[in-house]
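Down below is the structure, laid out as structure tokens.
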Amino acid sequence: MSCQAFTSADTFIPLNSDASATLPLIMHHSAAECLPVSNHATNVMSTATGLHYSVPSCHYGNQPSTYGVMAGSLTPCLYKFPDHTLSHGFPPIHQPLLAEDPTAADFKQELRRKSKLVEEPIDMDSPEIRELEKFANEFKVRRIKLGYTQTNVGEALAAVHGSEFSQTTICRFENLQLSFKNACKLKAILSKWLEEAEQVGALYNEKVGANERKRKRRTTISIAAKDALERHFGEQNKPSSQEIMRMAEELNLEKEVVRVWFCNRRQREKRVKTSLNQSLFSISKEHLECR
């Protein structure tokens, strides 16, 4: 079947010599009524009935580019409106708007699935709960042993992990007042902090112990040794190094102990003399005032 060009508003004549099966076409509605287009397109279409021009190849079947309605049937229209008559008509619809994005659909489905999930209740006798209780008690004991308060721990963690840690957080953890999920997260953080705190404490104790070892213990001198040293002091209050060594060997004492004893004895003798002189001066002054 070939295309037809219209010579009037109501009938079409075949372009070729094939005269078999002329299809009369009755336009019950004007072209302007077939499609809701703009005024400009309506004017163009209203004047198109009096024009004679060739039309591109016809579209049959279910081709989406055919327009118009056949009288009493669903046979497609035998002509196509020029493209310029539809320039102000409906804009083309993009394919993404016609079909939903599968990624977005999957996301919505996943969101609905997660919203339906209900957290299973925690068994209070489970090994996880017992381990958490044991760690909370051990943490409290070790924290107190190291000399840290809950405030100290909260401030130390806040300086590293943020302001969500405070004394209240540590208190609630030790009293098992946090949710199981938050308590498990805090357990890992507190465990690491406790290890570091104990390492620092061990280094501090080692340093203090070294300083204490440097300080010598106080030596106790027997009464007989003190009497012998007093006799030597009466003879010579500033003995030489050889004399100090000889006295240390005789009294079975260390040389440094004997040297320090003589130094202390001279200081005490000096204080006694100073105090005695001050007393004598006061007595003399009072005696003169009485006269």
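Including glycine, each Cβ sits where the backbone N, Cα and C put it.
Model, not experiment: these values are computed from the prediction.
Swiss-Prot lists 214-273 with the feature DNA-binding region, giving sequence analysis as the kind of evidence. According to Swiss-Prot, the feature domain 'POU-specific' maps to 124-198, an assignment based on sequence analysis. Taken from Swiss-Prot, the feature motif '9aaTAD' applies to 5-13.
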Query: Mean pLDDT over the domain 'POU-specific' (124-198): what is the value?
result: 87
- request: Over the span of the DNA-binding region (214-273), count residues by DSSP class, listing helix, strand and coil in order.
  value: 44 helix, 0 strand, 16 coil
- prompt: Tally of helix, strand and coil residues over the domain 'POU-specific' (124-198) according to DSSP?
  reply: 59 helix, 0 strand, 16 coil
